[in-house]
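To start, the structure under review is shown below, and the notes come after it.
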Amino acid sequence: MAFVTRQFVRSMSSSSSASAAAKKILIKHVTVIGGGLMGAGIAQVAAATGHTVVLVDQTEDILAKSKKGIEESLKRMAKKKFTENPKAADEFVEKTLSSLSTSTDAASVVHSTDLVVEAIVENLKLKNELFQRLDKFAAEHTIFASNTSSLQITNIANATTRQDRFAGLHFFNPVPMMKLVEVIKTPMTSQKTFESLVDFCKTLGKHPVSCKDTPGFIVNRLLVPYLIEAIRLHERGDASKEDIDTAMKLGAGYPMGPFELLDYVGLDTTKFILDGWHEMDPENPLFQPSPSMNNLVAQKKLGKKTGEGFYKYK
């Protein structure tokens, strides 16, 4: 009897697993909206792992620049990957680029795609308008995902009729190098959608982690308050920014100090994230604005990209 029971349980478990697996969407065709650093990086890793990819942006000039950047990045990667075999390196680059096409008309390409990943500017109105439009043209099974790092996924998903097929896919820059992807599940995201996206991330060679639709998700929710607290420590005159950076590198083992990292990321980017959180929860002490950062942003001293932030760069 025990043997029969065990066999029955195994059979039911196996059938249940097979049924769940059958429900998941195998993502083969990917449409990436936004040809900036993040969008181009996502398109690159998807194409390099055997997916058919369409990269979409507003103009052919932007797309040409994006594709050139992808090609250069692929050549660098191939040179390291195939150090003893230049022919294999060339074939890798050629094969990847053959899987990647571009378009300026998102509506015309989403009808046959399995996944749409949005990586445009951090503006809720623009994201809502984009997804609302694409929702009318995309296939029934198509999953929508946003790469936002600061906006709530639920607020973006609500612009569509497919909240159950909507989630967050937060990649990290530079996408080809960074292994982590945060998969954000809203209260409406179906388990089928979530599992399909987790599997997709794994096919990219990434390590997916799951998080609810909370401000900042995991990494930014921990990282941004740390960066702002470093600024406050400096604002109070407790320590110089140089000593704070040195302490965190030598004492905590961080590769960059908080002020170095702020300048690298861009002060405008950090301010945008913090302002959004402060608007959502104005009483939270972790989300209070930073006067010195606001002052630097007002002066257009945004970090390395402008030549000056908390530090000056040649």
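Every residue gets a Cβ built from N, Cα and C, even glycine.
The transit peptide annotation in Swiss-Prot covers 1-12.
Among the features that Swiss-Prot reports, NAD(+) binding site is placed at GLY34, GLY35, GLY36, LEU37, MET38, GLY39, ASP57, GLU122, LYS127, SER149, ASN173, LYS305, with the record citing similarity to another entry. Over all protein chains present, the Cβ of GLY34 (NAD(+) binding site) has 23 other Cβ atoms lying within 10 Å.
What Swiss-Prot lists as CoA binding site is SER73, LYS80, SER149. Its Cβ taken as reference, SER149 (CoA binding site) is surrounded by 21 other Cβ atoms within 10 Å in the chains shown.
Annotation source Swiss-Prot lists N6-acetyllysine at LYS75 (among others), citing similarity to another entry. Using a 10 Å radius centred on the Cβ of LYS75 (N6-acetyllysine) and all shown protein chains, the other Cβ atoms total 13.
Applying an 8 A CB threshold to same-chain residues 6 or more apart, the list for LYS80 (CoA binding site) is empty. The N6-succinyllysine annotation in Swiss-Prot covers LYS80 (among others) and is backed by similarity to another entry.
Around the Cβ of LYS81 (N6-succinyllysine), 12 further Cβ atoms fall within 10 Å across all displayed protein chains. DSSP gives LYS81 (N6-succinyllysine) a helix state. The feature N6-succinyllysine is assigned by Swiss-Prot to LYS81 (among others), with similarity to another entry given as support.
For LYS81 (among others), the entry in Swiss-Prot reads N6-acetyllysine, with the evidence type similarity to another entry.
Summarising the environment of LYS87 (N6-acetyllysine), the number of other Cβ atoms within 10 Å of its Cβ, over all protein chains shown, is 8. As annotated by Swiss-Prot, N6-acetyllysine applies to LYS87 (among others), with the evidence given as similarity to another entry.
Annotation source Swiss-Prot lists N6-succinyllysine at LYS87 (among others). For the recorded site, LYS87 (N6-acetyllysine), the DSSP three-state label reads helix.
If you take the C-beta of LYS125 (N6-acetyllysine) and look for same-chain residues 6 or more apart in sequence within under 8 angstroms, you find none. Residues or ranges marked as N6-acetyllysine in Swiss-Prot (evidence: similarity to another entry): LYS125 (among others).
Neighbours of LYS127 (NAD(+) binding site), defined as other CB atoms within 10 A of its CB across all chains, total 20. Following the DSSP three-state reduction, the secondary structure of LYS127 (NAD(+) binding site) is helix. The N6-(2-hydroxyisobutyryl)lysine annotation in Swiss-Prot covers LYS127 and rests on similarity to another entry.
Following the DSSP three-state reduction, the secondary structure of HIS170 (site 'Important for catalytic activity') is strand. Take the CB of HIS170 (site 'Important for catalytic activity') and look out to 10 A: across all protein chains shown you find 24 other CB atoms. Residues or ranges marked as site 'Important for catalytic activity' in Swiss-Prot (evidence: similarity to another entry): HIS170.
For LYS192 (among others), the entry in Swiss-Prot reads N6-succinyllysine, with the evidence type similarity to another entry. According to its DSSP assignment, LYS192 (N6-succinyllysine) is helical.
According to DSSP, LYS206 (N6-succinyllysine) sits in a coil region rather than a helix or strand. The N6-succinyllysine feature in Swiss-Prot is assigned to LYS206 (among others); the stated evidence is similarity to another entry.
Among the features that Swiss-Prot reports, N6-succinyllysine is placed at LYS241 (among others), with the record citing similarity to another entry. For LYS241 (N6-succinyllysine), the number of other Cβ atoms no farther than 10 Å from its own Cβ, over all displayed protein chains, is 19.
According to Swiss-Prot, the feature N6-acetyllysine maps to LYS312 (among others), an assignment based on similarity to another entry. Other Cβ atoms within 10 Å of the Cβ of LYS312 (N6-acetyllysine) number 9 in total over all chains.
Taking the modified residues LYS192, LYS206 in turn, the residue surrounded by the fewest other Cβ atoms inside 10 Å of its Cβ turns out to be LYS192.
Cα to Cα, LYS312 (N6-acetyllysine) and GLY36 (NAD(+) binding site) are separated by 25 Å. Counting only same-chain residues at least 6 apart in sequence, those with a Cβ under 8 Å from the Cβ of ASP57 (NAD(+) binding site) are ILE33, GLY34, GLY35, GLY39, LEU63, SER66, THR102, THR104. When the binding-site residues SER73, ASN173 are compared by the number of other C-beta atoms lying within 10 angstroms of their own C-beta, ASN173 comes out lowest. Cα of LYS81 (N6-succinyllysine) to Cα of ASN173 (NAD(+) binding site): a span of 20 Å. The shortest Cα-Cα distance between LYS87 (N6-acetyllysine) and any of the binding-site residues SER73, SER149, ASN173 is the one to SER73.
Cβ neighbours of GLY36 (NAD(+) binding site) (same chain, under 8 Å, six or more residues apart in sequence): SER66, ALA119, ILE120.
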